[in-house]
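Visitor: Annotation source TrEMBL lists domain 'RRM' at 6-80, 258-332, 368-442. Annotation comment: TrEMBL describes 191-216 as region 'Disordered'. Residues annotated as compositional bias 'Polar residues' in TrEMBL: 195-213.
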Amino acid sequence: MAEPSKVIHIRNVGHEIAESDLLQLLQPFGLVSKIVMLRAKNQALLQMEDIHASVSALQYYSSVQPSVRGRNIYMQFSSHQELTTDQSSHGRNSDQESEPNRILLVTIHHMIYPITVEVLHQVFKAYGFVEKIVTFQKSAGFQALIQYNSRQEAVEAFGSLHGRNIYDGCCQLDIQYSNLSELQVHYNNDRSRDFTNPSLPTEQRPRTSQQQGYPDPAGLYAFQQPGASYAQMGRVAMIAAAFGGTLPHGVTGTNERCTLIVSNLNTDKVDEDRLFNLFSLYGNIVRIKILRNKPDHALVEMADGLQAELAVHYLKGAILFGKKLEVNYSKYPNITPAPDAHDYLNSSLNRFNSNVVKNYRHCCAPTKMIHISALPQEISEETILNHVSEHGSVVNTKLFEVNGKRQALVMFETEEEATEALVCKHASSLEGNTIRISFSQMQSI
């Protein structure tokens, strides 16, 4: 292996792999300060903010084979200790690369379906406060300028969304930094919007319906079905982007029912907090109520229909305390506040209050492996084992550090054991820290 460097050299980077795919692999270890896509050689160079981040990344990927879009890629330290500004071209063959700016220039390729300000706002607001959006048609195609409140928000959006599709197989986002300092918006309508000034006129003109001519719902997760709101379309688009451009098979993204009925619960071991720990993996929880006349039944109200659909998709049939869960949509639209209904609406333990896209990306069915974060800095593997091993047979553990924060992976013999550890120990206190637990999609340590 070459001498350690802040710059990581990546091979076998196919043309289907975008910058954002590589950023997702390496950003957990630290800030990526520069990136060069060497398309002609199927290679890339990424510079981490410091050498500790690059060393951590390569140590981790020496035991875990990184794969992007079904293709194995290979990493090593680069012979470059630094990337120059000229080298760092963000994958575009341009001699006039713009510096990071809070205004993004977005070009939509393969735009089969209409894109409006509402759709763009739903997609981009996941990364920060969007102040203004202006859309227009140029020779390059449909374009938009999107102004964030801060440059950091724009950088995060660029890293996560560049190269992604809004809809499956079309409406691809090609993002550059604009050299403008401020957008001028004169009208609030479907082509431009100033979110800091809602009193702007809408510009009187005939509106044409954009709710017609949509394809069969099955072709696009049904989020262009007649009557589907643009807000819903944008929310699904954001989640689809988090999942790599395509929603999980079987998830439509159009469900509007937020309350779930969960049955076949182990009445001796299940309570509202333990159900919260499990269902909060898939969205924010509003309320949970165990039915007193049917104690093996509970109502779980999620923040929105998409999150409820993800919970049904991933938890139906999961084993919890020896019982196979039944998870379905309830006939009740919500849970009425009451003394026997536990309220989690403002709980700081809800996982989707921040890093929303990252949390969607980690959604999965229960696995044998749990990921533990927010650990004390001086924690030992033995202490972690003592905390979770009562729930099953531990096969392997790994304690590691990301961005200076201690984290751990613990693999159990079965999904059921890992699920029990998660529902019992998520948000528990360990040496004074409130730890967080989720399922890991890694197959081995």
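Quick reminder: no glycine exception, Cβ is built from N, Cα and C everywhere.
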Visitor: Averaged over the domain 'RRM' (258-332), what pLDDT does the predicted model reach?
Guide: 95
Visitor: Could you put numbers on the helix, strand and coil content of the domain 'RRM' (258-332), residue by residue per DSSP?
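Guide: Per-class counts: 19 helix, 24 strand, 32 coil.
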Visitor: Per DSSP, what is the residue count of the domain 'RRM' (368-442) in each of helix, strand and coil?
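Guide: Taking the domain 'RRM' (368-442) as a whole: 22 helix, 30 strand, 23 coil.
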Visitor: By DSSP, how many residues in the domain 'RRM' (6-80) are helix, how many strand, and how many coil?
Guide: 27 helix, 26 strand, 22 coil
